[in-house]
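Enquirer: Can you keep this structure in mind? I'll have questions shortly.
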Amino acid sequence: MLSHLPPRVRGLWLAAALAALLYSLSLGHAPYPGQPAAKAALGALLLAAALRHPPARERVWLGAALAASALGDVLLALASWPPSFVAGLGAFLLAHLAYCALFAPWRAAPRGARAVALAALWIAAPALYAAFFPHLAALAAPVAVYVAVLAVMASLALCAHTPGPQIAAGALVFVASDALIGIDRFLGAFAGVDYFIWFLYAIAQLTIAFGVLQRKSK
């Protein structure tokens, strides 16, 4: 499948995957100096790959999504900074809006498994927000907006007419990663949650990026 990518783009995609793996190995030592940069390497390398993608519209919106994601990674890694979570939430909100703009022109009626996943998404998203709500306090409105935009992003991915399942699958994995962040923060952490969050997030970004980057120029 990687052969579908141009050689330089393939090299950057593989470097991003390696950076994600190396960062996962460092999580046991977090927080540590340089952690924000190490965490953002995944997004930065995928951004470099996106900037080589020929279709201009896709290049702009994928690049914007990955740049905002890399910023969000940096902000969320600044755990000792009080506004870290809200600032990171804002950065990823922008990333999801960019993904929405990227996926929207490809929309088509979902069928089969995609239709089932779409229905499940719109049951799960409000249910999860309802579970978070008693613990949100001042974050109730920002988290509501974030959950809604995240669900719309995943919906557009599920409805996108694309040559393969990567974009839809990646968007759903992104939802799972963000759901774990919410569970960890608002409902209580469990052993190894940081690893699960990171692996799901990295898989999501790599899979979405691959799905877009394999598309040919129109």
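Just so it is clear, glycine is given a Cβ too, placed from its N, Cα and C backbone atoms.
These came from TrEMBL, pasted as-is:
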- 85-104: transmembrane segment (TRANSMEM)
- 116-133: transmembrane segment (TRANSMEM)
- 139-160: transmembrane segment (TRANSMEM)
- 167-183: transmembrane segment (TRANSMEM)
- 195-213: transmembrane segment (TRANSMEM)
Enquirer: Counting a contact as 3 or more Cβ pairs under 8 Å, with residues at least 6 apart in sequence, do the transmembrane segment (116-133) and the transmembrane segment (85-104) touch?
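Expert: Result for the transmembrane segment (116-133) with the transmembrane segment (85-104) is no.
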Enquirer: State the residues, same chain only, that lie 6 or more residues beyond the ends of the transmembrane segment (85-104) and have a CB under 8 A from a CB inside it; answer 'none' if no residue qualifies.
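Expert: Tertiary neighbours of the transmembrane segment (85-104) are 57-58, 61-62, 64-66, 68-69, 71-73, 75-76, 139, 142-143, 145-146, 149-150, 152-153, 156-157, 159-160, 167, 171, 178, 185, 208, 212.
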Enquirer: Which residues, given as numbers and ranges, are at least 6 beyond the ends of the transmembrane segment (195-213) yet have a Cβ under 8 Å from it?
Expert: 1-2, 5, 9, 13, 16-17, 20-21, 23-24, 27, 42-43, 46, 49-50, 53, 58, 62, 66, 69, 99, 102, 157, 162, 164, 166-167, 169-171, 173-174, 176-177, 180-181, 184
